[in-house]
Each structure stands twice: as C-alpha cells, then as structure tokens.
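Trainee: Questions regarding the structure given below will be posed in turn.
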Amino acid sequence: MRPGVWFWIVGAFALFWNGFGLFDLVMTVSDDEAYLSSYTPEQIAYWDALPWWRLTLWVVGVCTALLASILLLLRRSAAVPLFMVAPVAMVIGLLHDAVTGGFAVYGASGVVMSIVILAIAIFFVWYADRQRRRGVLRSGARAGTPVAPAT
C-alpha cells in the first residue's frame, strides 16, 4: 500500500521531534551553559548526578526513537519494535525520578512536559504499528531488489 500525505507529515515530525531529543540529550549531558541557562542549578545538579543506568536509559530511548523515525520514513516494519523502546525506557526512568525526588526538582512544568513526551512516544508506537498493519511498512529488502541466494 502506498503511504498517504499524513504518513510523510507524521514521519517528518517524528524525525524532527526525535532529532531534537538527541540535541537536547547532547546539550544537557555536555553541560552546555547557554543551553542550560533556563534551568535551575538544582535541575542541573540532579541531571549531573544521574546514575549511569538512568543516563543509559535516556540515551537508548532517544537513539532508538531517532532510528525508528528514519526507518518509518524508509517504510520499514523494524520501526515498530524500535519505537517501543522509547516509552519503556522513559517509564522506567520516570519511576526512578519519582522515587529519587526528580519530580520535585523538575517542577510542575517539567513533569507535564515529561508526560507530553511520553504520550508522543506512545503515539509513534501506535502510528507505526497501524502503518505496518495497513501494509505501508515493509520488512526485508525492497520489492524488486535482488537478494543474493543463501550459500
């Protein structure tokens, strides 16, 4: 099935959204002063003190979501399981934040933004799965692309 215009709009948005997620991650982890100037010293200290596994969840979630966005635009069904990684990683990370006082550090707007980010990540899972079920996403090699025989 051929993708409609909304497929390309959602795919481009996913690429932009998750590309910005990677930008945010890099700027936050690298302690870029200009980028972090709108955050409180407590927020910056909280992020700087994250345990390695919590930071790893953030990196894995962002990177797999960005890769999934690229695969979605390439119409590959592998986008679906990759999109699933981000909300799972985020829920685990948010549970950590809730237990360690991160929500108090984030403030109400930070918690709301985290919920919005999670909702968008879940939307991408739903949308990619819907496109896979409709036959827009393919698995394997492109139709018409020769595949070398197994030896």
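Note that Cβ sites are derived from N, Cα and C of the backbone, with glycine treated the same way.
The feature transmembrane segment is assigned by TrEMBL to 5-23, 55-74, 81-99, 105-128.
Context for these features, please: burial, neighbours, distances.
Mentor: Here the transmembrane segment (5-23) has Cβ contacts under 8 Å with residues 62-63, 65-66, 68-70, 72-73, 117, 120, 124, 127, 131, 136 of the same chain, all six or more residues outside its ends.
Within the same chain, residues 8, 10-12, 14-15, 17-19, 21-22, 25, 29, 80, 82-83, 85-90, 92-93, 121, 124, 128, 131, 137 sit at least 6 positions outside the transmembrane segment (55-74) and bring their C-beta atoms closer than 8 Å to a C-beta of that stretch.
Only residues 6 or more beyond the boundaries of the transmembrane segment (105-128), in the same chain, are considered here, and those with a CB under 8 A from a CB of the stretch are 10, 14, 17, 21, 40, 42-43, 46, 61, 65, 68-69, 72, 79-80, 83-84, 86-87, 90-91, 94, 97, 137.
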